[in-house]
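Accompanying notes for the structure given below.
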Amino acid sequence: MPQDPRHPEHQYLDLVKHILENGARRMDRTGTGTLSVFGATMRFSLEDNTFPLLTTRRVFYRGVVEELLFFLRGETDSKVLEKKGVRIWEKNGAKQFLQSVGIDREEGDLGPIYGFQWRHFGARYETSASSYEGKGVDQIASAIAAIRANPASRRIVVSAWNPTDLGSMALPPCHVLFQFNVTDGKLSCAMYQRSGDMGLGVPFNIASYSLLTILVAHLTGLQPGEFVHFLGDAHVYLDHVDSLRQQIQRPPRAFPKLFVSPKGPRTEPEHFQYEDFELVGYDPHPAIKMNMSA
């Protein structure tokens, strides 16, 4: 497929512009309201250590890394992230929010969300403090084993969408499944996202799944290839419209580089720490304030 000769970030900016100009106005579960389109695709090269951390406004890099590692450890207690200064799950883990969606659990217990499904699919969820060692299907371990043993497989798929558990989750998965592909010694990842908040969520998700691909490539001795992002409902919250109109006027800058530099033995994805990743050359435009709709 021919590459867009423009900066790859224009894919994101053009999609935002398209939604602002053509999106259907809808009310949503948060009560904020959105402009929405259905069906979109973006592709980002990860070759030569390229890391597609958007530059037209600052993306919370530490949050990207810490949340991904939180998922890879199978953790579900938002307070683990909050202690690291990452508060992206704080609203959804609040006791009041949990009660509002019919969940009676301790503050911060997010339920069987992404990490639980990735590492223990099919296990019975109890609490965020329970041990699930050896329980359920470890989809991440299975995917890594398949990449090593049968890289041509078309079945290297990980799903966070478990209908049995949806009612127990603080928030059902927005990014519901991903698939790995190995071609010519390069690992690529395609992710399907049923619901994409273009202001806050999607820039974060692009970086998160790119990082996941880079990490798994490191573990399997491959080179990172490409991240492909499929979106179902791609939307702009109405209270983000002015901020995004400002953002799409900014010219993209060069994407930074990301290097995996482990500070100790890292044989499994859950062994990695924030300090094992080195971000070089990130020079974004200033942050733009946007509210989170919970």
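Glycine is treated like the rest: Cβ placed from N, Cα and C.
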According to Swiss-Prot, which candidate in N22, N162, N205 joins R29, R154, R155, R194, S195, G196, D197, H235, V236, Y237 at the dUMP site: N205
Pairwise Cα distance for C174 (active site, nucleophile)/S195 (dUMP binding site) [Å, integer]: 5
Greatest inter-residue Cα distance in Å for the dUMP-binding set R29, R154, R155, R194, S195, G196, D197, N205, H235, V236, Y237: 36
Cβ packing number for H235 (dUMP binding site), 10 Å threshold: 27
Other CB atoms within 10 A, centred on D197 (dUMP binding site): 23
